[in-house]
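**Q** This is the structure I want to talk about, given as C-alpha cells.
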C-alpha cells in the first residue's frame, strides 16, 4: 500500500533543496507551497515571472496536485492561460509519480519561449517602423512626378493667382489717390506690370503656392521654339522688312 504522506514529505525536502530562494511553505495540512519561476533574461535584461502555488491532494501523486498562478510579472492574459493548460497536460501525463519538479521545469521552458517571442515581436515592430520612415522619406524626396497635365494645371492656377495680385495692387494704388488708368494706359503699362511680377509676389507673401517639385523633371514637356524650325522666317509674308 502506498504511503502518500511519506512520498509527499520526501518531495518537499527535495524541492526545498532545489529551489532554496524561491520555495515557500504556506501550510502543512494539507501541504501547500509556492515556487517562483523566472525566465532567462531577454533583451535589455527583461524577464517574465510567475509564482506557482501547489497543494497536495490526499492521494498525490496518484492524483494530480491542485495548482494555480499565485502571482505573475510581465505576462499577458493569454500567457497565463497557456501556462495553466501546460500544467494540466503535464499533470495528466505524470500521474503516479511525484511531478512538481517536472511541472516547474515545463513552466520554466514556457517562460523562456515567451521572452523569445517578446524579443521577436519587438524586432518586427522596429523593422516596420524603419520601413515606414524610409518610405516617408523617399516620398518626400521624390515628390509628385511631373506630367504635362499637372504642370499646365499648376500654371493656370499660378497665372490666376498672379492676376488677382495685379488687380489688388492696382486697386490699392487707386484707393491711395492715384489716377485711374484708361484702357490705352493699361495696355501701355502692361509691360511694366509683367516685369514687376517678382515685386508683386514679394508683396503677396504666402498667397501664391509654388510647388517646386513640378520643375524637377520636365523631359516630357516639349516647348516649341520657332528658331529651331528650318523653315522659320522671322519676317512674315507680306510684311514690310524695311520697318
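Using N, Cα and C of the backbone, Cβ positions are placed for all residues, glycine too.
As listed in Swiss-Prot for this protein:
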type     : residues : note
MOD_RES  : 2        : N-acetylthreonine
DOMAIN   : 10-114   : domain 'RWD'
REGION   : 142-197  : region 'Interaction with DRG2'
MOD_RES  : 144      : phosphothreonine
REGION   : 208-243  : region 'Disordered'
COMPBIAS : 209-231  : compositional bias 'Acidic residues'
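Could you place these features in context, so I can see how deep they sit and what lies close by?
**A** Reduced to three states, the DSSP call for residue 2 (N-acetylthreonine) is coil. In the structure as shown, the Cβ atom of residue 2 (N-acetylthreonine) sits within 10 Å of 10 other Cβ atoms.
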